Amino acid sequence: MLDSSEVPRCEIFSDATNVRESLHFHPSQLPTPGTPLDDEKPKRRISQSDETPTKKPRLMVAESSRGNDEIDVVVKRRGCRRTVFRTLDLASNGYPAKPHRMLLPSRNILQSFVSSHTSDVFKCHSRTVDSYVTPPYACAYSNEAKRGGVPLLAVATEQGSIHILDATKRKEWDCEPARVTLEPHDNGIFDVKWNADDTLLATASGDKSTRISSVETQQLLSILDGHTSTVKCVAWDPAHRDLLTTGGRDGMLCLYDLRVNNLSDQDEIPARSAVITITAAHGQDKVSGGRQKIRPLPRGITNILYPDDRPHGLVSSGSFDGILHYWDLRLPSNKSSKRSPKKPSHNPLFSSIMDPTICHGARSRGITSMSQGTGPSAGLLFALGADSRLYIYSYPTLTPLRTETHPNLQTNSFYVRLATSPCGRWLASGSTSLAGSLFLFDISNAGRIAPSYGKRADEPISPTVRFRGQSGEIGAVDWAKDMVASCADDGTVRIWRPDLEVYQNCISNSEEQKWDWFWSA
């Protein structure tokens with residue numbers, strides 16, 4: 001922005017975007033309150049019949065401290081009336097009701113995350129004698145850990161076991177705290193979630209079932225049936241402690257109510273059926289079998305989440321494209337005498353208006369994981385595409401806004417997950433590269449950056465920080481307060497914490513500290 005003593009600065013403030021622009025005028029070109037515009041009485045200009053009356057901006061002259069020859073003029077546009085309906089409309093479209101400020105980038109904080117070789121590494125022990133460790137598929141911190149309590153981390157493995165780890169920071173010479181191990185499945189567990197009060201764990205498995213286990217008694221309480229293929233994701237309803245929904249590779253969404261007594265005894269463990277089932281939630285693949293009738297295959301469900309501000313609502317993503325669906329689970333099913341496999345049993349309340357993945361390739365790519373923004377990133381949904389890109393959607397409209405990427409980010413696998421920090425400023429993502437890379441994004445200003453703020457649509461929100469401390473693919477990630485966990489194919493779970501003093505020591509003495517710590521690449 002140019003600023004000289006001969007050309008005063010004029011700032012335009014717009015109520016819509018709070019964008020500051022620079023205009024240059026000479027003092028002789030601007031009227032002042034102390035001098036009349038004309039010797040005669042000012043006359044009101046009468047507009048023609050074909051003209052549209054326009055509102056003129058107000059001019060205000062500010063005193064300048066740089067000299068008598070300089071004049072600072074502030075041009076303010078008239079603000080629109082903030083009625084109740086306009087305020088609700090702006091809030092629903094992601095616009096803040098009050099002027100917002102840009103948050104300072106936190107790249108220096110993300111770079112200070114470090115991980116110890118001894119006190120921040122946990123191994124997922126195998127249940128069989130032919131191997132020592134087993135790959136972890138999913139992980140989830142307890143709700144209390146996200147609020148700053150005891151950081152309990154549930155890790156789901158390929159063999160169907162759950163390890164509940166205590167990730168409290170400890171000294172290097174301290175022993176690992178005692179862990180709790182559950183074995184609810186005999187097949188791989190692809191998702192694990194804590195309920196609202198951290199007393200139950202829900203696990204989605206490749207054995208076509210979801211199971212509920214008690215953390216206190218370590219007993220299996222019930223089995224949730226209804227899927228015909230692998231169950232890929234599970235989510236608890238935050239507003240109702242007895243409701244949870246699952247999504248599977250069979251394209252079905254199943255809603256379960258633990259209060260409903262639709263039990264059936266199966267191996268002395270009660271089995272429950274779904275109270276609401278949505279078939280072909282994301283459509284079905286087109287097949288051409290000629291004369292032979294071939295039943296179309298449904299497109300799998302990859303991730304689901306309950307929005308924090310809307311009860312009874314559910315957002316789902318699929319393996320075929322980047323279109324998200326919002327479901328109102330209170331709506332009744334479509335009435336028909338015969339259930340047709342070609343049509344879904346429910347219709348989404350609304351969906352994304354376009355598929356953002358087709359803008360960067362010849363065909364659509366699916367979404368591997370989703371995460372909801374909070375705090376400074378509230379009103380946004382972050383989705384990780386199978387084309388190694390991070391897509392940002394507005395909520396609740398589910399409109400694609402922009403995309404992010406990194407040269408070393410690879411997410412061409414549906415095992416890679418995404419997680420938002422409890423403060424809402426950071427985002428963690430795994431990667432399918434064999435180098436074992438963890439990526440942290442700064443999303444503090446993700447909802448505030450637009451081309452009018454000086455950034456192009458393809459310009460990154462903030463430089464991404466990359467961490468390398470494990471071998472193989474990093475799939476599952478999750479945040480607690482002031483820490484993030486990453487799970488790799490080498491059978492290890494690594495905890496990363498911000499520690500500026502240790503990070504500076506690692507930078508200054510890298511050859512010596514590399515035997516004790518990992519830090520940002």
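Note: Cβ is positioned from N, Cα and C throughout, glycine not excepted.
These figures come from a predicted structure and were not determined experimentally.
Taken from TrEMBL as is:
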REGION    25-58  region 'Disordered'
DOMAIN    152-237  domain 'Anaphase-promoting complex subunit 4-like WD40'
REPEAT    182-223  repeat 'WD'
REPEAT    224-266  repeat 'WD'
REPEAT    467-496  repeat 'WD'
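Helix, strand and coil residue tallies for the repeat 'WD' (467-496), in that order: 0 helix, 20 strand, 10 coil [DSSP]. Confidence in the repeat 'WD' (467-496), given as mean pLDDT, stands at 94. In the domain 'Anaphase-promoting complex subunit 4-like WD40' (152-237), the DSSP tally of helix, strand and coil residues is 0 helix, 42 strand, 44 coil.
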